[in-house]
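Some features that Swiss-Prot has for this protein:
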type    : residues                       : note
BINDING : 15, 16, 17, 126, 169, 197, 298 : UDP-N-acetyl-alpha-D-glucosamine binding site
């Protein structure tokens, strides 16, 4: 009777920033003959392209919202219930290792794995480690980060940390093979406006006004592809219709990697996944970090790309139609600068991260190369 290949359980929060790196690692592990499953919350089913429903286990979890006794009790109850379910999963599936990618849905499976002595690893894509991963960091077997130096201030954590980069989905790797072509003097200028997998209202508030300020000389050149929440769709469409723009609006783009590859300039939030994908593909960007985050992780993420020369970072308080119009106008008049930004961003990217992380996972799980080929 042929032995089954080892199972690697991947745990990720239900947004694209957590899920897409898990998908990329899943592809790399499956190519090595390993089995994979995903533990997450219900949101992930919308974004996942790799994991079919029968490869996904949904466990209850709760993001901590507020410090009131009621909020704390609700979070504790949900996470406790999720951990009991995760313990049952560990008993039934017996994974060789459990790998977390951040977000509160990773807590139950990682804690359950630790209770059973199953090897564990967390991967963090941010320049500042997220709260769930930080909570788990002292408990897990190993840590992987996208950027160097994230945990240098804690020698105990630094000793078990490996810098791998952010794993990229096959669609991103395909988009990275498309070279950047600067816009011609009178040719189309392709703008891509996104706000993360959950959208961003600030883009609907600011971008239409900025484009209107660019004036009629530039409007005919613009090709605007914008992610817009359903509740903001009508007002954004009304502005672009009035300006007679060439535009496309959607609440979510399933083919975002191809859209990134086709763009001359990306206007976006600066979640870790977005920044890593922009660097991998090499596209100029204007990044607007999400304000109010406890750790200012998006501000730090955007700083990595802006310091490399691949992006312009604008704090949300400064992100006005006038400021954005000035930046777009200056870039539209200077194609050579767009080319330089694309090259600088690409220089900050890493395309082999999924394989590097897969190497680490196999090592942590104690899987031999011979064992990993079992089906």
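Each residue, glycine too, has its Cβ placed from N, Cα and C.
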Quiz item: Looking at the binding-site residues 15, 126, 298, which one has the fewest other Cβ atoms within 10 Å of its own Cβ?
Solution: 15
Quiz item: Among 16, 17, all listed as binding-site residues, which has the most CB atoms within 10 Å of its CB?
Solution: 17
Quiz item: Just counting, how many other CB atoms are there within 10 A of the CB of residue 169 (UDP-N-acetyl-alpha-D-glucosamine binding site)?
Solution: 25
Quiz item: In which DSSP state, out of helix, strand and coil, do we find residue 169 (UDP-N-acetyl-alpha-D-glucosamine binding site)?
Solution: coil
Quiz item: According to DSSP, which of helix, strand or coil covers residue 298 (UDP-N-acetyl-alpha-D-glucosamine binding site)?
Solution: helix
